[in-house]
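Just below is one structure, and these are the notes that go with it.
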Amino acid sequence: MPIKIPDQLPAAEVLGQENIFVMTESRAVTQNIRPLRVLILNLMPKKIETEIQLMRMLSNSPLQVDVDLLRIDDRESKNTPQAHLENFYHDFEQVRGNNYDGMIITGAPLGLVEFEEVVYWPRIVEIIEWSHQHVTSTLFLCWAVQAALKALYGMEKQTHGEKLSGVYRHHRLDENEPLLRGFDDEFVAPHSRYAAFDGDLIRAHTDLQIFAESEEAGVYLAATKDCRQVFVTGHPEYDVLTLDGEYQRDLAAGLDPVIPVNYYPNNDPALPPRASWRSHGHLLFSNWLNYYVYQLTSYRVEDIGKVFTYQQPK
């Protein structure tokens with residue numbers, strides 16, 4: 001949460017230059033508090049598992065967050081009970097008229113599928129466009145980053161010949177970036193994808209700010225200059241056993257998957273894995289909620305579309 005200080009205190013200017021948020025008294029007297037509204041577009045097959053992971057991350061904040069769940073594929077799910085979807089999920093038509101402080105679009109197991117072959121691809125594009133006037137800040141995870149780069153910048157997907165799976169080391173590129181507040185200079189995060197996110201290509205084809213990269217996994221964290229689209233190419237929300245579950249699933253399917261790197265002790269899948277990314281995962285979501293959602297959004301959720309003027313990315 002921000003600290004409140006007198007308007008003319010020298011610290012206000014100094015801390016502001018360091019991107020540390022302070023609230024001046026003149027602003028504080030005009031601020032009221034309301035719950036943040038966050039929409040989660042859940043594209044993962046095991047929706048309940050993903051819900052738990054994301055809500056665990058969102059709950060690690062002093063801010064009250066009200067969550068709506070969204071689905072766009074109305075086909076019967078093989079991994080989530082239909083009753084659960086009917087009881088807890090909205091269709092897009094039910095939320096189209098709403099405004100949200102934040103939105104999260106999850107990954108999806110579609111890394112080797114062309115965008116035009118994805119059944120709900122037109123709806124994905126529509127929701128991304130809709131968010132410009134209805135959402136303060138949108139967080140894209142893994143496959144959703146590919147989708148957003150295509151929808152916003154026309155970037156075609158790049159893929160690895162072999163699935164990138166494991167826990168990779170990253171380095172931060174900006175000491176004062178609020179999204180990385182509290183991060184170590186080097187940190188680890190899980191990845192599970194075929195998608196390739198080459199920093200040189202992203203710099204050449206977008207105006208995104210890149211905040212963290214990995215020599216092995218490529219770009220990890222980036223955002224638009226207005227903070228309204230945030231791109232996370234990994235899975236900081238994953239539980240300790242999620243990568244193991246994916247590995248065992250692929251083994252059972254006869255796919256001969258690679259062993260997730262830096263995950264099992266001694267690289268032995270017979271040994272229980274350990275979570276080494278948990279603290280940075282929580283920090284990332286807390287920082288996003290605080291600096292990119294709470295600090296930027298309007299007090300009246302009805303005013304969100306009026307406050308922001310969308311500009312087409314260059």
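Our numbering is plain: 1 for the first residue shown, then up by one each step along the chain.
For all residues, glycine too, the Cβ spot is worked out from N, Cα and C.
As the structure is a computational prediction, the values presented were derived from the model and not from experiment.
The site 'Important for acyl-CoA specificity' annotation in Swiss-Prot covers Gly111, and the record cites sequence analysis as its basis. Annotation source Swiss-Prot lists active site, acyl-thioester intermediate at Cys142, citing sequence analysis. Annotation source Swiss-Prot lists substrate binding site at Lys163, Ser192, Arg249, citing sequence analysis. Taken from Swiss-Prot, the feature site 'Important for substrate specificity' applies to Ser192, supported by sequence analysis. If you look up Swiss-Prot, you'll see His235 marked as active site, proton acceptor. Swiss-Prot lists Glu237 with the feature active site.
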Candidates Gly111, Cys142, His235, Glu237 (recorded positions) passing the 10 Å Cα cutoff around Lys163 (substrate binding site) are Gly111
Taking Ser192 (substrate binding site) as the reference, which of Cys142, His235, Glu237 (the active-site residues) have a CA within 10 A of its CA? Cys142, His235
Running the recorded positions His235, Glu237, Arg249 through a 10 angstrom C-alpha radius around Gly111 (site 'Important for acyl-CoA specificity') leaves none
Three-class DSSP assignment, Arg249 (substrate binding site), comes back as helix
Most crowded position, judged by CB atoms within 10 A, among Lys163, His235, Arg249 as recorded positions: His235
Local backbone state of the residue listed as 'active site', from DSSP in three classes: coil
With the cut-off set at 10 Å between Cβ atoms, which of these recorded positions ends up with the most neighbours? Options: Cys142, Ser192. Cys142
What three-state secondary structure does DSSP assign to Ser192 (substrate binding site)? strand
Report the residues of the chain - excluding Lys163, Ser192, Arg249 - with C-beta within 8 Å of the mean position of the site's C-beta atoms, for the recorded substrate site, in sequence order. Ser165, Leu243, Glu246, Tyr247, Asp250, Pro257, Pro260
Of His235, Glu237, Arg249, which recorded positions come within 10 Å of the residue listed as 'active site, acyl-thioester intermediate', going by C-alpha to C-alpha distance? His235
Quick note, Arg249 (substrate binding site) and the residue listed as 'active site': C-alpha atoms separated, nearest Å, by 19
Ranking the recorded positions Gly111, Glu237 by other Cβ atoms within 10 Å, which is at the bottom? Gly111
In Å, how long is the longest CA to CA span across Lys163, Ser192, Arg249, which the record gives as the substrate binders? 14
Helix, strand or coil: which one is the residue listed as 'active site, acyl-thioester intermediate' in, per DSSP? coil
Under DSSP, is Lys163 (substrate binding site) helix, strand or coil? strand
